[in-house]
């Protein structure tokens, strides 16, 4: 049976240096990192956030835009990013499908789990867009939900750091990397892995969460294909020494 993974990228990772828009070089880099996975037989699902375009929380903080409307705007932003990512993957000769939780048939397919799984079985990449289709849920939760639905072996949160730390390593030089932790430990307030809903969903379904640095070339291949887990953090139901 082929290994099936769900990889979550933040929208900010796609942004230009000013934090906005879509950086074509980053798109190209991500696609170049995904291609070896597909070529080796890994079935790949992707979720990308929309923070480089708009965040629902930020859009609604002045009180003019309702939070629910802000979240829908954020969902539309993820569709924009998903289509951009689809183009980059196809540039590398890969076959990719965008499935949206909100129907927009002229742009992408609606999310249908059986169709998504069939695409994966045929070696196509599926990019899941528009979150869960509901406001008040993050793209981390959407990614975890899709990972569970498609029967992924793991969910990988590809970030700008090489794992989970006890505090922000960009602010605190003495931050300690946590190589292995349980779901309950990941739910602690000072440990930022994903939001609580996403972690609880992963826990209920025994879905391993892997946090790694997306900007280290070959890292995804090393983790997924070579099973090299030294350069990441893993969240599971128990620690390695238990």
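Backbone N, Cα and C define each Cβ position, glycine as well.
Listed by Swiss-Prot as binding ATP are 8, 9, 10, 11, 51, 55, 165, 168; the candidate from 159, 182 that the record includes in that site is 159. When 39, 71 are compared with the UMP site residues 50, 132, 133, 134, 135, 136, 137, 138, 139 in Swiss-Prot, the one appearing in that site is 71. Within the set of binding-site residues (132, 134, 138), the lowest number of other Cβ atoms found within 10 Å of a Cβ is recorded at 134. Of all the binding-site residues given, namely 50, 132, 136, 138, none has its Cα within 10 Å of the Cα of residue 159 (ATP binding site). Rounded to a whole number, the distance between the Cα atoms of residue 51 (ATP binding site) and residue 138 (UMP binding site) is 11 Å. In this structure, of the binding-site residues 50, 51, the smallest number of CB atoms within 10 A of the CB marks 51.
Residue annotation for UMP gives 50, 71, 132, 133, 134, 135, 136, 137, 138, 139. The furthest Cα pair among them is separated by 15 Å.
Cα-Cα distance from residue 136 (UMP binding site) to residue 10 (ATP binding site): 17 Å (rounded to the nearest whole number).
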